[in-house]
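K.L.:
TrEMBL lists these features:
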| type | residues | note |
| --- | --- | --- |
| COMPBIAS | 45-79 | compositional bias 'Low complexity' |
| DOMAIN | 80-334 | domain 'ABC transporter' |
| REGION | 42-79 | region 'Disordered' |
| TRANSMEM | 432-453 | transmembrane segment |
| TRANSMEM | 465-486 | transmembrane segment |
| TRANSMEM | 516-534 | transmembrane segment |
| TRANSMEM | 546-567 | transmembrane segment |
| TRANSMEM | 573-593 | transmembrane segment |
Amino acid sequence: MIDFLLGTAVLVLPQGNLPLLAGIGAVKGAVALKRHLSNKKGAADEAGTAAADAEPAATAARALRPKTPTPGEGVPPVTLEWSNLSCHWSSKKQKKQQRKGEPGSKQILFGLSGAARPGRLLALMGPSGSGKTTLLNSLASHVPANTGMRLTGELYVNGVQSTEANHRQAYVEQSDNFYSMLSVAETLTMAAQLQMAPGLPEASKQSYVDNLISVLGLAKSRDTRVGDEKIRGLSGGEKKRLAIGCELISSPSLLFLDEPTTGLDSFQAEKVVATLKQLASAGHTVVCSIHQPRSSIFGLFDDLLLLSEGRCVYSGPAEEALPYFEQLGHSCPAHYNPAEFVADLISIDYSSPEVEEESKARVQGLVDAWAASAGGKAAAEAAAAHKHMSRTPSGELALGSVNSGPVAGWARQFRLLLRRSWRQITRDKAAAMARLSSNVSSAVIFGAIFWRMQKKQSNIQDRMGLLQVAAINTAMSALVKTITVFPKERAIVNRERTRKAYNVLPYLSAKLLAELPVSCVFPLVFGVVVYPFTGLNPKPVRFARFLGILTLESFTAAALGLSVGAAAPNADAAVAIGPAVMLVWIIFGGYYCNSENIPSALRWLPRCSLIKHSFEALCINEFQGAEFELDEGGRGMKTEFELDEGGRGMKTGEDVLSWLSFGHTSIRKTLGSEARILGFYYWLTYCILRAGKPKFQPVEAAAAAAALPEPAAAAAPAAAAVVEEVQDEAAVAAAAAEPVLLGSS
Ligand SMILES: Nc1ncnc2c1ncn2[C@@H]1O[C@H](COP(=O)(O)OP(=O)(O)OP(=O)(O)O)[C@@H](O)[C@H]1O
C-alpha cells in the first residue's frame, strides 16, 4: 500500500519537484530495505522492488547534484576494496606458448589486497616500474583492452563485487588535453552542459561551475584560455586542476589520478595535491599514483600503499609508515624527505650484481615482513572474508551515478559541440594566419614561376604542371593541417566519450559544419592570387569553377586527414601515414602516370585518387574550347606526342584532354566522383571513431581465471558463472546498496 501511494506520488509529481521525488524515492528504498531485512524468505522478490524503487531516488539524486554547494559534499561515500589483485602481461608470442600449455607471461602485480576509503587521500608510491600505474588503472578499470594485460582478483565497491567499469567514476590522465582556445570557465561550463541533466536550470549549472572553480583555486584564471604549445595559457598546475574539475562535473565518489604532479614544479605540485586533499575531506575517495613527492606533499596523504616490483611493502595510514619501517630497523634520518627515504629503501639497485643481490634481499625481506605484519594479515583476512560475501555484477546499484549514455539529446549535443568547435576554430588566429600566409606565398611563388602563360605549345605543359601543383598544394595544405591537429582532438573526444558525454555523430557533424566557412577561405585565397598571375582561362565562369574545384578538393583532403588522424595511434604516426597515402594519390593523379598505361590490377587506384579527379576537373575547365598556336620550330609537346597538324603539336584543348585520357568525361562527373570520395572519408572517420571508443580490460575472478588457459576465453565464462551464482544473492546486495542511495539523497 505504501508502495502504491508513494509510486503514485512519483508518477503524478511534476519534474520540477525533484527534492520531493528524491525524498519519496529514498523513503521507498528504506521501506523496501526494512521489508527485506525482516523477511529473508522473500529476499529475491524484494531485491527487484528495492532496485526498481531505487531508480527514482537515484535519478532525482543525480538531478540534484548541481545544487551541491561544494563539489564533493553529498556524494555517496564509497569504499573500494581489492583482493588478490594480480596483473599478467603476455606478448603475442607468449600467448601462443600459453595456448600450447607452456608457461610464459610477465607478472606485474602480485596478489595485492587493500582498500581506499571515503574522505581519505590514498597515494600509491614506489620506484619507477614498480606497478603504480598498473595498480591505479586496475582499480579504476582503466587498463586498456587488447594490450596483452590480464587482470585477476576481486574489486568491491561498498562491499559489493564490481564488474568492469561499473564502478569507474573519474580518471584523470597524466596528459592534459583540452580545446586550447576555450577559457577555464568555458571548458567547465561546456562539460556541465553536456553532462548534467538537461532539465536543470542554467543558473544551477553555472553556480556549480563557479563553486568548482573556487574549490580548484582557479578563480584568478577563470577567463584565461587553456592555451597550448603555440599560445601561452594556463600553467601546468592549473591545467591539471582543470582536468580534475572536468572529472568532478559528474560528482564522482571515486577519483583516480595518474601521477598528477608529473611535470609540475614543487609549488604547483603541492597546490594540486592540496586540492586532492580538500576533495577527499569533502567526501570523495581519492586515489593517486605519485613518484617521490616532496615532504610537504607527503604530509598531505592520508593513506599510503608502497609497491616494489609489483608487491606490497606497506599499506596503511601515511603517518604510520615511518614508525613501521623503524620497527623493522630502517630509520629515516632526521630532516630527510620521508618519500625519498622509502623510495630508496624499496628500490632495487642494478648498478652492480652484488648491490642488486643485496637490494633484492632487502626488498624481499620487506615484502615478507609486510605479509607477516598485523596490517598485512588484516588485508589477507579481509580478502578471505570477501570470498564469502554476497556478489552481484550490478555494482551500479551501489553508486547510482554511472550514466548509460549521454544525458543531453542529439540536438543539444550538436548545438553545444558546434559552439565549441566554432570558438576553437575562429579564435585560433595564429593557426589561421599561418595557413593563410602559406597559401598566399605558394600562390605568389607559382604565380611568379608560371607568370602570364601564353598559348604556345610549350605553355600546354606549363598549364598542366601548374594545374597539377595547384591540386597537390591545395590537398597537402588541408591534409597537413588536419593530421597535425586532429589526433590531439581525438584524445579529448575519447576521454569525453569515456564519460559518455556525447555521441560520435553529433560531434563529427558539428565539427565539420563549424569548419566549413573557415576551411573555404584558404583554397579560395590561393586561387584568387594564382589565377590572374598565371593567365589561366580568363572567362569568369572558368575562374569560378577553378575556385570551386580547389575548395571541394581541400575538403576531400581534410577528410582524408580526419580518417588518418582517427586511425593512427598518435600524431607522429598520423604525420607519417598521411603524406604517404597522399603520395599514392599524387602518383595516380593523372599527370605522372597515364591511366591507360596502368596495370589492370591497379586501375582502381586512379578512381580513388582525390588528386586525379581535381586535376581532371581543372584540366577540363582550362582546356575545353581552348586553342593553341602550332609550333613552327620543333619545340613543344609534339616531340613526345605526335598528334596531327603535320607533327606541329596540339591545336585545341580537346587534343590535350585526349592526350591525358580525360576526353571521355565532364567536370560534373569528375566532381561527382570527388564528392563520393569526400563522403567516403567522412563515413570512414565516423566508423573509426565509433569503433575506436576506448575499451578497458575487465578484472577476472581469480579462481575462474586460473582454470582457463586463454585470457580472452576466460572472461566470458567467468562472468557468466558469476551472474549465475549471484541470482539468488542479488536481493541481499541490492538491499545493501540502499543506504548509499539514501545517503546520497
Ligand atoms: N602495456 C605494457 N606492456 C608491457 N609491459 C608493461 C605494460 N605496461 C606496464 N608494463 C610493465 O609493467 C611494469 C610496471 O609498469 P607501471 O607503468 O605500472 O610502473 P610505474 O610504477 O607506474 O612506473 P613509472 O613510475 O615509471 O610510471 C613495468 O615493468 C612495465 O614495463
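Note that Cβ sites are derived from N, Cα and C of the backbone, with glycine treated the same way.
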K.L.:
Who are the long-range neighbours of the transmembrane segment (546-567) in its own chain, taking Cβ under 8 Å and residues 6 or more past its ends?
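P.N.:
Sequence-distant neighbours of the transmembrane segment (546-567): 470-471, 474-483, 485-487, 490, 515, 519-520, 522-524, 526-528, 531, 536, 574, 577-578, 581-582, 610-611, 613-614, 617-618, 621-622, 667, 671, 674-675, 677-678, 681-682, 684-685, 688-689, 692.
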K.L.:
I'm a bit unsure how to read this: which one of 465-486, 516-534, 573-593 has the highest number of Cβ pairs shorter than 8 Å with the transmembrane segment (432-453)?
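P.N.:
Against the transmembrane segment (432-453), the leading stretch is 516-534.
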K.L.:
Mind checking which residues of the chain, 6+ beyond the ends of the transmembrane segment (516-534), have their Cβ under 8 Å from one of its Cβ atoms?
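P.N.:
Residues 425-426, 432, 435-436, 439-440, 442-444, 446-448, 450-453, 466, 470, 473-474, 477-478, 543, 546-547, 550-551, 553-555, 558.
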